[in-house]
Amino acid sequence: MKYLGLALISAVFLIGTCQAETPSQKCEEKYKENAERKACIHHCKYQYYGFIDVNYNIAQPEIRKFSNVLMDYGVVDRSKKRELKKVMHDCAKKIKKEARTGDHWLNCRTSIDYYRCVLTSKLIGPQRFDKAIQDYDKTISV
């Protein structure tokens, strides 16, 4: 009887963690019925990761979070931190400028364009990048 409360609390936490979804699962489920908004899956995931904010902005906190994940998961060596942040900052500026002059302001395409810009940098290997993002996705429960 002494351990009944502890057992119940443990069961509740176990059930909660078993039902948790990753950002990938949550975002794919959210947009699977809407073909026009499938481009937003990427933005949705990046928002959960903290790489882009809800208003499609990419500022210092988002760049810091993204660069830390890439370094933590071995995509970019820590000795190239300054170079990586410069690439990310330049990409963010470029994407914002293109969005202002194009027919779209900041929208779901913004995060896709930003992702592509960062990925085409010589600092980043696409295979390691994708694996790092997938591994990071598994560490987050929503």
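Glycine too: its Cβ is placed from the backbone N, Cα and C atoms.
Here Swiss-Prot flags 1-20 as signal peptide.
Among the features that Swiss-Prot reports, disulfide bond is placed at Cys27-Cys44 (among others). For Cys44 (disulfide bond), applying a Cβ distance below 8 Å and a minimum sequence separation of six or more within one chain yields Pro23, Lys26, Cys27, Lys30, Tyr31.
Feature annotation from Swiss-Prot assigns disulfide bond to Cys40-Cys108 (among others); the stated evidence is experimental evidence. Classification of Cys40 (disulfide bond) by DSSP places it within a helix. Counting every protein chain shown, 19 other Cβ atoms lie within 10 Å of the Cβ of Cys40 (disulfide bond).
Taken from Swiss-Prot, the feature disulfide bond covers Cys91-Cys117 (among others). Counting only same-chain residues six or more apart in sequence, the Cβ atoms lying under 8 angstroms from the Cβ of Cys117 (disulfide bond) belong to Cys91, Lys94, Ile95.
Within the same chain, residues at least six positions away from Cys108 (disulfide bond) with a Cβ under 8 Å of its Cβ are Arg37, Ala39, Cys40, His42, His43, Tyr56.
Its Cβ placed at the centre, Cys91 (disulfide bond) has 21 other Cβ atoms within 10 Å.
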